[in-house]
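Undergrad: The structure follows.
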């Protein structure tokens, strides 16, 4: 079985914030790392890329008097380096929508589904001052549903409803602020109606799809699917390949969804194995996992399946669409203009990346909106990482070195309490695997912490530091069992904190790059030589929260110097 892991493509107009990161790329990376351990790295492909077309970039370029590509070239490379080199995201392919492979794939795909595409004439907003049609975000106005006065022509940022420019109250051109007039223009539409029942059947029969995704998809289907505009009147995008569509481009959401396929193709082309890309898209032979924010559910649970079905190429529909709710920052929405939140180029200057990876997974909004607070972040790092995991590892490695010459002791006559913890190791590996494959990364990580606490309690109960003086056999059994437990704990945490887990493996005298998930069910071999103990984690200082404003001000000044033009 092949495993495709896909993260929503970040839009390059701004640096992603922590909420963006946990909703897509970080979550996808945790799952991809798990999947490689479970199924073998040769059976897993993890793809994403920079979404760089569309109206926001074009508006920005017009305002700055430069070409859109000059802006996105810089922004794409900045984000790519952050993901790969700073956040340790293990992409097999992180590409971009300006990739030639992507552009040609999109054109070929859309021509292949032309029987579901039709031309219609419609009236759209037109700015007489700027002399151009105003698609999507080129129009701003008041949301008809919630009254938000700065809603965009494609979606309201406050209530999340999808919109069209014609629905906005008091619409204005996003470039110059002039109220638009309506003019007739032709557009190409993708007809979703033939796929209503196949999508309903697919979503209702799925045993793996999260309930929030099922609910949204069925709501769309029950309301009645309609043809959706496939083309736009803006110039920054993939030229529409249809006869008579000169001057039109493909709507970014249609082409970005096809990026999951083109990125897989591009990856195997780069390896000289072009035809192998189909192995990761063939129905019945692949499980595919998509990590997105909840506002993107309709595109992934309705439009993407419809396009895959329209192709008639037996492409696999998504197995799991893991859609997070929203992450708030100290009770408020992230806002760049109001400096509310932390961005991914700021965070690594505040504390270590693995600390961020862990605490974000612990705060992952899987069932409901979650609130990032610094008080909770500090508690997670100091109590869970340092105390529950770090101190456990240090105690065990230290005692194996001190009492057994750095070798895993030989167990004899294991008691029920020893066997129970060994059994819990195997159970936890299976339970975490089950949770991860349902897209429940927070829930899975909580199970690992439970095992760490149980192992700490076991050590405290058995007290091998005392028993070694009077009952060496019992002390041997305790450290044999505890060493095997911390090996499994480190393995299960590797997808979340890869660098720190590797340090734990080094102290165990093991190579994590040669490890497989189910290997950790087997205890360590007696006589195996461990490494020397060293602190894996470090507590955040007591005055950290008190000094936070000063830290953030310093970090933001530093980051502003580094950001490329588009992202300043």
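Glycine is no exception: its Cβ is also placed from the backbone N, Cα and C atoms.
Remember, predicted model here, so these are calculated numbers, not experimental data.
Residues annotated as Zn(2+) binding site in Swiss-Prot, with sequence analysis given as evidence: 143, 146, 156, 159. Taken from Swiss-Prot, the feature ATP binding site applies to 336, supported by sequence analysis. Annotation comment: Swiss-Prot describes 10-20 as motif ''HIGH' region'. Residues or ranges marked as motif ''KMSKS' region' in Swiss-Prot: 333-337.
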Undergrad: Would you mind reading off the Cα separation of residue 146 (Zn(2+) binding site) from the residue listed as 'ATP binding site', to the nearest angstrom?
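TA: The Cα atom of residue 146 (Zn(2+) binding site) is 22 Å away from the Cα atom of the residue listed as 'ATP binding site'.
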Undergrad: Applying the rule Cβ within 8 Å of the centroid of the Cβ atoms of 143, 146, 156, 159, what extra residues of the same chain belong around the Zn(2+) site?
TA: 144, 145, 147, 148, 151, 157, 158, 160, 161, 163
Undergrad: Taking 10 A as the limit, how many CB atoms besides its own sit near the CB of residue 336 (ATP binding site)?
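TA: 12, counting other Cβ atoms within 10 Å of residue 336 (ATP binding site).
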Undergrad: May I ask which residues of the same chain, at least 6 positions away in sequence, place their Cβ under 8 angstroms from the Cβ of residue 156 (Zn(2+) binding site)?
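TA: Sequence-distant Cβ neighbours: 143, 145, 146, 148, 163.
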Undergrad: Of all the binding-site residues given, 143, 146, which has the fewest Cβ neighbours within 10 Å once its own Cβ is left out?
TA: 146
Undergrad: Let me check the 10 A CB neighbour count of residue 159 (Zn(2+) binding site). How many other CB atoms are there?
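TA: That number is 13.
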Undergrad: Rounded to a whole angstrom, what is the C-alpha distance between the residue listed as 'ATP binding site' and residue 159 (Zn(2+) binding site)?
TA: 19
Undergrad: Go ahead and report the DSSP secondary structure tallies for the motif ''KMSKS' region' (333-337): helix first, then strand, then coil.
TA: 0 helix, 1 strand, 4 coil
Undergrad: As a test of reading the model: what is the averaged pLDDT for the motif ''KMSKS' region' (333-337)?
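TA: That stretch averages a pLDDT of 80.
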